[in-house]
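Q: The feature transmembrane segment is assigned by TrEMBL to 62-85, 91-110, 122-144, 156-179, 191-214, 226-245, 279-298, 310-336, 343-370, 376-397, 404-425. Positions annotated as domain 'Sodium/calcium exchanger membrane region' by TrEMBL: 92-247, 280-421.
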Amino acid sequence: MMGAADKAELGFEEEDDMAAGTPPPARKMQSLDFEHIGSLAAVAESLSPRSKWRMTLRSIRIVIFQAKINVLLPFGPLAITLHYLSGNHQGWVFLFSLVGITPLAERLGYATEQLACYTGPTIGGLLNATFGNATEMIISIYALKNGMIRVVQQSLLGSILSNMLLVLGCAFFAGGLAHPNRDQVFNKASAVVNSGLLLMAVLGLMFPAVLHFTHSEAHYGKSEVSLSRFSSCIMLVAYASYLFFQLKSQRSLYSPIGELEEESTEDEEDEKEIAQGEAISWLFVLTIWISILSGYLVDAIQGASESLNMPLAFISVILLPIVGNAAEHASAIMFAMKNKLDITLGVAIGSSTQISMFVIPFCVVIGWMMGEEMDLNFQLFETATLFITVLVVAFMLQEGTSNYFKGFMLILCYLIVAASFFVHVDPKSSINNL
């Protein structure tokens, strides 16, 4: 026969009580209540001011003090100080602002990666591209406000060239060295669609330039601006349609290679170091600080060009985008070394697509609202450079594989482009025409 202790241990005591018509003991309910109260206490403790203060300090330690590149942060305040000192310090203000923005752009990329850990890889790549381009957008808006249209055009063109050649090349090169015995594979369908959008952007930039240089405008000086504004609206519609197509309509076709196999280990690979709300807060703080430094950077560009004896085109096309693309550079290399080529392409090629199909048309519309005649006539030299770059990268992506040799070739192509702009004299180099 089973004793009372044995029945209680096997859970039969409650059945005996029910059979006898007596209510069951409240021991289990009390234990459940205690567990519920304990969980509520834990939640209340996590929401207490002391706990929030500890989480804030931990977040500051991770974002600010863990990254070695943040030793460059003091150059930002130093640039602002030099700006207000007497004397000709434009060259130093530009260089210090450039150096000070670099760690901010990298930390902006880090915060975006942390936020992307809470989303899917497709949206994560879009977030990386969007916030990675925040630096370029802020610099462009400040330059537009100062009427420096050529700086806007050349810096955005430089961002596209830097992403497609330097960032993607370094990512392919690093990923190939990390996985030397085999080619890395990515989703070819997504790469083909991005290549098509980039060719459409070249189409939008080419016709205003051709219209200008063939002197075939119906209304001289006005037709190319009108065509640029119309084409910009069309390009914005095309980019919005692309986002809907990629994220909603045909989302399954653009899922990363091996996503189903890696889905179980994805959470282990993605390190969530800060909370989602903290990542959003850091994005807000870093964007504000970058916008402040961008204002001093833009103000010092012309003086820096003269004091450093560097062509303004080289500064705008090469130096500014390298700093602005620091976030994409770090993210693309990191994901390539983790064999996540689809996210790498989403960052590098997706960023170029976003600049060409969204940021440039957006700047044309913003300039329209400001009364500035920002157009899509990027001049013949720049437009030809972009066209050849898009063709080279499209050929590199058509197989759907990457290796270190392809990356090395893209890096060498970027060096040729950089040297070309160093010896290039901009036909609109006068500050009055900027």
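Along the chain as shown, the residues are counted starting at 1.
Glycine is no exception: its Cβ is also placed from the backbone N, Cα and C atoms.
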Q: Is the count of Cβ pairs under 8 Å between the transmembrane segment (310-336) and the transmembrane segment (404-425), pairs 6 or more apart in sequence, 3 or more?
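A: The answer is yes, given that the two segments have at least 3 Cβ pairs within the 8 Å cut-off.
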Q: Can you tell me how the residues of the domain 'Sodium/calcium exchanger membrane region' (280-421) break down into helix, strand and coil by DSSP?
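A: Taking the domain 'Sodium/calcium exchanger membrane region' (280-421) as a whole: 118 helix, 2 strand, 22 coil.
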Q: With an 8 Å cut-off on Cβ pairs and a sequence gap of 6 or more, do the transmembrane segment (279-298) and the transmembrane segment (343-370) reach 3 or more such pairs?
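A: No, since the transmembrane segment (279-298) and the transmembrane segment (343-370) share fewer than 3 Cβ pairs closer than 8 Å, they do not count as touching.
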Q: For the transmembrane segment (62-85), give me same-chain residues lying six or more residues beyond its boundaries with a C-beta closer than 8 angstroms to one of its C-beta atoms, as numbers and ranges.
A: 92-93, 96-97, 99-104, 106-107, 110-111, 273-274, 282, 289, 292-293, 296-297, 299-300
Q: Other than its close neighbours in sequence, what residues sit by the transmembrane segment (404-425), given a CB gap under 8 Å and a spacing of at least six beyond its ends?
A: 161-162, 164-166, 168-177, 180, 310-311, 313-314, 317-318, 381, 385, 389, 392-393, 396
